[in-house]
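Accompanying notes for the structure given below.
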Amino acid sequence: MKALAKLERAPGLTLTDVKKPEVGHNDVMIRITRTAICGTDIHIWKWDDWAQKTIPVPMHVGHEYVGEIVEMGQEVRGFAIGDRVSGEGHITCGFCRNCRAGRRHLCRNTVGVGVNREGAFAEYLVIPAFNAFKIPPEISDDLAAIFDPFGNATHTALSFNLVGEDVLITGAGPIGIMAVAIAKHVGARNVVITDVNDYRLELARKMGATRAVNVSRESLRDVMADLHMAEGFDVGLEMSGVPSAFTGMLEAMNHGGKIALLGIPPAQTAIDWTQVIFKGLEIKGIYGREMFETWYKMVAMLQSGLDLSPILTHHFKVDDYREAFATMLSGESGKVILDWTAA
């Protein structure tokens, strides 16, 4: 079968032929129809320090996808051949304390699809049936293919009550932009997002941001004054991993505010801890998606009118993957979709 693989320890990926995976007793085989390019895939493409330490070579990668079940193991229940599914990319052990307590997103033995094991940039993917998630017919393949990052945005944004609250989002990547739409959908008052990328800030405006602020030209304090925010933001969603963005967020938070951290800052990042302590801030780290509460919430929000269509900006056939990755690398895109139906 065709697959996009890391074949050598160097930048780039290669469209190549690999062996079709085998189905275990508790697995499903999915014929892939659409995939999306993630920021993780960009790290793998660039072959940066993280990728060099993490990604086995050779291996085909990718973890944002949708497809159709074409084969099932003999122990699988609850699915049928022909079911349209996406799937949870974190494969958990099922036996550690957190897994047994229903907190699988906190499994200490997590294995990542397309990171630690063969991924979804291929004609076929095999995963445990437990990880597969049926997609309702009214949700398009393109939207279903981005459930992984949509889930990151959902997990982060819904970590705290947003009804009537003022929300600051730092980082207008696709996940931050989707968090804008989620926050507005569930009843936030002001949703302000910051970045230095004008293209993506404009996407955030289309998704409902009250203000999309280029912090290289505009002061967040001035924006708060324009919005008559005398006390600061109630909730912060840090999506960038940029130390200066997190520092600015801490300064802009109201006393008693709550912050969810999805972005990964450098290991030695220093912050002003007096902002955290004297303001009584609550900070929560976010990893992946809650299994499977986040997935049910994603479907429910789409079915109740959440519109994510502006984030789907570019579509390519898989044979044009180099152009697709160049588009993503340019920074002037939302989500980039790869079509595998002609592979």
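Glycine too: its Cβ is placed from the backbone N, Cα and C atoms.
From a predicted model like this one, the values you see are computed outputs, not experimental measurements.
In Swiss-Prot this protein carries:
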BINDING   Cys38, His63, Glu64  Zn(2+) 1 binding site
ACT_SITE  Thr40  active site, charge relay system
ACT_SITE  His43  active site, charge relay system
BINDING   Cys93, Cys96, Cys99, Cys107  Zn(2+) 2 binding site
BINDING   Ile175, Asp195, Arg200, Leu262, Gly263, Ile264, Ile286, Tyr287  NAD(+) binding site
> If you run the three-state DSSP split on Asp195 (NAD(+) binding site), which class comes out?
Replying inline: strand
> Counting every protein chain present, what is the number of Cβ atoms, excluding its own, within 10 Å of the Cβ of Gly263 (NAD(+) binding site)?
Replying inline: 20
>> Measuring Cα to Cα, how many Å separate Ile264 (NAD(+) binding site) from Thr40 (active site, charge relay system)?
In response: 12
> Which are the residues of the chain, Cys38, His63, Glu64 excluded, whose CB is within 8 A of where the CB atoms of the Zn(2+) 1 site average out, their centroid?
Replying inline: Thr35, Ala36, Ile37, Thr40, Asp41, Gly62, Tyr65, Gly89, Gly114, Gly119, Ala120, Asp148, Pro149
>> Under 8 Å between C-beta atoms and at least six apart in sequence, can you list the same-chain neighbours of Glu64 (Zn(2+) 1 binding site), or say none if there are none?
In response: Thr35, Ala36, Ile37, Cys38, Gly89, Ala120, Ala145, Ile146, Phe147, Asp148, Pro149
> What does DSSP say about Arg200 (NAD(+) binding site): helix, strand or coil?
Replying inline: helix
> Across all chains shown, how many C-beta atoms besides its own are within 10 angstroms of the C-beta of Asp195 (NAD(+) binding site)?
Replying inline: 25
>> Using only C-alpha positions, which one of His63, Cys93, Cys99, Cys107 is spatially nearest Asp195 (NAD(+) binding site)? These are the binding-site residues in the record.
In response: His63
> What Cα-Cα separation, expressed in whole Å, is found between Ile175 (NAD(+) binding site) and Cys107 (Zn(2+) 2 binding site)?
Replying inline: 23
> Do any residues at least six apart in sequence from Arg200 (NAD(+) binding site), in the same chain, have a Cβ closer than 8 Å to its Cβ, and if so which, in order?
Replying inline: Ala172, Gly173, Ile177, Gly331, Gly334
> What is the Cβ neighbour count of Cys99 (Zn(2+) 2 binding site) at a 10 Å cut-off, with all protein chains included?
Replying inline: 19
>> Measuring Cα to Cα, how many Å separate His43 (active site, charge relay system) from His63 (Zn(2+) 1 binding site)?
In response: 13
